[in-house]
C-alpha cells in the first residue's frame, strides 16, 4: 500500500524530470524568464532600488542576455545569492547564470564544474587604510587587524600574502560589505581588504573619503565574470557571446545611440554588420534571431556605456577604466572576432 | 488480559494480520519499517544520482588537505597550513567555549532577574519586566547584530589610546584595555615554566625532535597541555581535598563532644599556601597588555566577536531563564514562605534556604532546554564573524571545497552529539535532585 | 475616693492617616524606599532610565523624515547626533512587502486580515462556531491569494480532501475499514499527482472565472516573507506534529523509535544547519530535475523544524490529560482513532494552544535566519538597502524599525498566550 504512494510520487518526479532534459536555451525561451544569480547587495554591481528594480554593473549583463534571448530586458528573475549559496544555486539549476563578481579560478572551473564564459571586470585584491595610520605599503601591515569578507577567495589570498611575507595579522571575518564598512569606519580594523573595485565603491560613500587610501599593492588577480554550468555548450555560447558583443561593440564604436541606425542597413564595416546581423548568420548559429546583439545593445548600450553608468568616474563609485579599458587603449578587454 | 476460557484455536489466515489485534501491531510496524527504508533508499538513490550528474562523489579526503585560511581565535595551535580537520576542531572548541560561558552568565543573570521581578520594589520589578519582554520578543539574531554594532560604535579604537592626550585610557590601574576590537586583560606568565606536554605526539614529525634548549616545537602532538597549569590544578585539588579532611574531622569532633574546633585559619592556610608556593616557584607574574604597533600586544585578548555573541546570547537566554525562575518560585506554595517566616528566618535566608532549593526541581527541566537553545543559537556566530564550527566547517571550509553534503552532514552530527550530551548530563542531574516520593 | 475611670461620651473625629503612608509619598515609600537596599536599587534604576532616555530620545526625535539620502540627513542634522528616518519613509513598504508588485499589495493585506478571521474562532471561544467553516476554507484560500493563478487551483486541491473523505465513507461498508483507509489515501494522491493539473488547465480555459495575476515566490520579501514562512510552517506542522506525538506515545517499538529519532534529531541541530540543507542540499535529495525554488525549500525545512517542536507541545498536552479520559474512552468501546478524534485530541489540543502560540512566536523569530542563506527577509533587505549609494552607512534606523515590528508582533501574541494560559488554569480548578 505504501509502495503505491511512492510509485506515484516517483512518477510525478519523473514527469518533471523529463521537462528539464531539453537544452537550457530552449528552456529559458519556453519559460520566458531568465533566472540570474546576483549579489544580495554590492554598491554599483547589484542592489535593488526603492521600487525593487535591480540596478548595477552585474545586473546589466543579466539584462543584456535576457534581451538577446527573450527580446525583453525585464524578463529576468534576479536571485540574490550570498558567497555561500551562489555555487549551489547554479549547480542545482536554480539559476541559469551567475553574474555575481565571481573570481575565475582553476578549481571553480574544473572541480566545481562550472564554465566561466569570460571576464567582465578585471579586479585584484587591495587594502583600504586610513591616511593617518601612516602606512604606505601593504608590507607594513605586520600585526594589523584586517577585515575580510568570508566566502570569497580573498581570505585565501590574504593568508598566502601574509605567510609569504612572514608577517602576522588578525583576521576579522565579516559577512557583508556593509558590516565591513561599519567595522572599518569605527576603527575595529586597521584595514579592510576585498576586491579593489569594491574598496573604491565603499570608499566613495564615506563622509571623509579623502582621509582613506587604497594601498598600491594588489595582492591577487581577480578576473570576475559570469558563469554557467558545465555541459550545456549552446547556453554557454549564448552568454559568452552576449558578453563579447558588449565588449566588441565598444571597440567598434556601436553605442545605444547609434545601434538602431547602424542595424537598419548594412554599413561599410563588415564586422559591425556581422555583429548586428545585417550580414551573415551569426544569430542563427547561436539559435537566436539575427538581431540578437542589437537587442542586447539597446538595453544599456555597450560595455563602456554600462561601465560609465554604473561604476564609472561620473558615478559616486568613480572607478577608472584601468585594466578594464579596451586593448586598443591599454587595457585587457579583447573580444574575439565576430566572424 | 486474562480470560476464563481459552480462545478458540484458529488456523492462521492472512486476514488476521490486519484484523487480529495480536498481529496487527506487528503488521503496522513492519509496514512502517519497510516504508521508512524505501524512503531512505529513495533519498540516497536520488542523492547519488544527482551527485554523479554534477560529477561529484561523497568522500571525506578533503578534510586532510590544508585549509588555507586563518582563524583569529584559536584555543589550540593552528595556522593556514593546518588541515580542514584541525580547522573544524578549532571551531568546535570555540563553539563549546561560547556555549559554556553563555550558559553560566545566562543562569546568573536569569536567576537575578527572575528574583528581582518578584521584588516588592515597584521600579525594579517593572524594569525587569521590560527587560524580559524586550529580549524575548525580538529575534536573537537582531540582538547579536545589535550588541556587536554597539560595541563597535561606542567603544574606543586602539588608536584613541595613542598620543600625548589620548581620548581613551586603560582601566583598573592600567591593566585592562577595553577597545572596539575586544578587551585585553592581563595574562598569567611563568618565568620558570615547565614547558608543554604534547598529547599523542607523532615521532616522525620534525617538530617533535627536542631543539637545542630541549624544548619541542609548537606543532608536536595533536595539542599540548601546559605543565604549569597541570601542576597548579593538581596542587590546588590536593589542597582542597586536605581541607575537606580537616572539615570532616571537625564534624566528627563536634558530633562527639558538641564543641566545634575553630579550623578556618587552618583550612585557609591548607588551601592557599601550597598553591602560592607553587606559583612562586614557577615564577608567576602577570603580563599586561601594551599598545604596540597597530594593536595592544600581550595579555589575553577577548575579541569583540566573542564578547558580543556571549553577551547577546546570555541576555537573550537569561530573559527566558528569568521567566522559568519566576514561575518556579511562584510554584512553591505560600505556606512554605510563611512557615519559614514563623521560624524566624530573614527574607533572604527564606529565599536561599527554603524557596530556591524547592523551586530548583521545577526549574531544572526547562533550564536544560534553554541551555540547549543557547548552544544551538551560538551557531549564529556567523553574523558577527566569530569562528565557531558553523563558521569554519560549515562556512569557509564548505565554501572553499564545495563539499556541501559532507560538511553539512558533519556539522549536524557535531551539534547532535553536543545536544545529546548536554541533555544526558542534565537528565542525570535531574534524576538525582528529583523528589523521592513515597 | 477618686473616680479615675473614663468613658468617652462622644466619637472623636476621624484622623488623616500619617502623611508618610498615604498618597504619592506613601506609595513611593512603600514601593521604592522600603529598605536601604531598595532605596539604592531604586536610585540606580532611576539613574539608568534617565541615562538611556537622555541618550535615545534626542536621537529618535530627529527632523530627517523627508531626507532622500544619508548625505541629506547629515546636512539637515548639521553635525548633531540624530537618526536618519528618511530611509524608513522611502523603504518601509519594501521592508513590509519585499518585491511584491505594488499594485497587488491589497492581496497580501487581505490575506493576513483573513488569517486573523480564520484563527479567531480557534483562539476566542466566544465567537460563533460557524466561523470554523471559514477556518477550514482558509488554508486553500491563502496560497491562492499570495501566489495567484486560477481559482480552480485551490478548488482542485480542496477536492482531493473531499474525494478522500467520500472514498472512505463509501468504501467502508463494502470493502472494510482497512481498504477504505487505503483508498482514502491513494485516491487523493492520484488526483493531486495526475489528474488535478490537466483538469485545472481545462477548467481554467473553459471557465476562466477569477484568475489572479501570478506572483513568483522570489518576489516575496520583508515581513511578508517572515509571516508567510511562519504561518505556512506552523499550519502544516500541526498535523505532522500530532502524528509524531502519537507515534512517540505509541507502544509499537518501531513506530516509536522512528518518531523519537526524528524529533530528537531535528531538535538537536540548529535551524541554521537545516537552512543550509534547504539552500544547498534539498534539491540533491530530490529526484533529478525537481526544482523547488528556494522559498519553497525553506518552507519545507522550517516545517520539519516546527513539526518536531509541535510534537513536543502536543505530547505535553496529551500527558496533561487525566488517565481517566483514556480509560473512559476505552470503556465506551471506542477504537483508537475514534477515541483520539472524539475524546483525547479536542482536549489535548485545547490545553496545547498556549504552547502552539509560543512555538509560532519562536518560529516567526527564527525566520530571520533565512537572511544568512541570502533570502531577503527584513534583515536581508536591510543589507540590500545599505548597498544603495544613498543609504550606505545607515544601521540603527533599519535595525530599530525591524526590531520594533518584531516586538509588536511577538509581544501581542505572547500576551494573548498568557491570557489563554490563565483562562485555562482557572478552568481546571
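Don't overthink the numbers, they just go from 1 along the chain as shown.
From the backbone N, Cα and C atoms, a Cβ is placed for every residue, glycine too.
Annotated by TrEMBL as transmembrane segment, the relevant range among B:87-113, B:168-194 is B:87-113.
As stated in TrEMBL, the feature transmembrane segment covers range B:26-44 out of the listed B:26-44, B:45-63. Under 8 Å from some Cβ of the transmembrane segment (B:222-243) lie the Cβ atoms of residues 76-77, 190, 193-200, 216, 267, 270-275, 278-279, 282, all in the same chain and six or more residues away from its ends.
Ranked by Cβ pairs under 8 Å to the transmembrane segment (B:408-429), the stretches B:26-44, B:87-113, B:264-287, B:307-329, B:378-396 are led by B:378-396. A Cβ distance under 8 Å defines the sequence-distant neighbours of the transmembrane segment (B:307-329), meaning residues of its chain 6+ beyond its ends; these are 98, 101-103, 105-107, 109-115, 117-118, 128, 131-132, 134-136, 140, 143-144, 146-148, 151, 182-183, 355-356, 359-360, 362-363, 366-367, 370, 373-374, 377-378, 380-381, 384, 386.
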